[in-house]
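Per Swiss-Prot, the features are as follows:
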- C124-C175: disulfide bond (DISULFID)
- 103-192: domain 'Ig-like C2-type' (DOMAIN)
- N172: N-linked glycosylation site (CARBOHYD)
- 1-199: topological domain 'Extracellular' (TOPO_DOM)
Amino acid sequence: HREEQARYIVKNKPVTMSCAASPATQIYFKCNGEWLHQKAHHIEEREDETTGRSVREVQTDVSRQQVEELFGLEDYWCQCVAWSAAGTSKSRKAYVRLAYLRKNFEQKPLGKYALLDHEVLLHCRPPDAIPQAEVEWLKSEEIIDPVIDQNFYITVDHNLIIKQTRLADSANYTCVAKNLVAKRRSSTATITVYVNGGW
């Protein structure tokens, strides 16, 4: 059995669910407990190059509208059911979710004055998103890579720590959130590093 994992509908593009079983005399999709109409299936039979056995593969498209019609009840899911002389086998449920990335950051970084050689913390809580947004930080529009510059540390909850400020860390910092749908930028925070007793 080759099985499906969670799939995401981006904007209005349907997702294609596919499933293959060998051996199988029949193979169909069941979505949210209901059998899909035969017309909604695209079934192909082919030979597995390694085993030489016959493989039956089924595909179906799931549209945004289908997922929205189930709104509020539960996640939309499909499962593949195959029959053969040996009996029936079912795949795990594969979920179809509507992908989105909200516009507003839950917490934005704020500019500040920072004393030379001191630690600075910049907060970032990305917008609500499915699938969860990945976060990166920009320093003057360049991506910060803590592996290369170990004076920077990005926490598990997406905050940026400058361990010991250097004069070169005076810059504009921006938090960027991205997923399948879009890329969003927080407002920019300006860090000004100063030397005690003077600028």
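Backbone N, Cα and C define each Cβ position, glycine as well.
Cα separation, N172 (N-linked glycosylation site) to C124 (disulfide bond), rounded: 14 Å. Note on the domain 'Ig-like C2-type' (103-192): DSSP counts are 3 helix, 40 strand, 47 coil.
A C-beta separation below 8 Å, combined with a sequence spacing of at least six in one chain, links C124 (disulfide bond) to F105, Q107, K108, P109, V135, W137, H158, N159, L160, C175, S186. In this structure, of the recorded positions N172, C175, the smallest number of CB atoms within 10 A of the CB marks N172.
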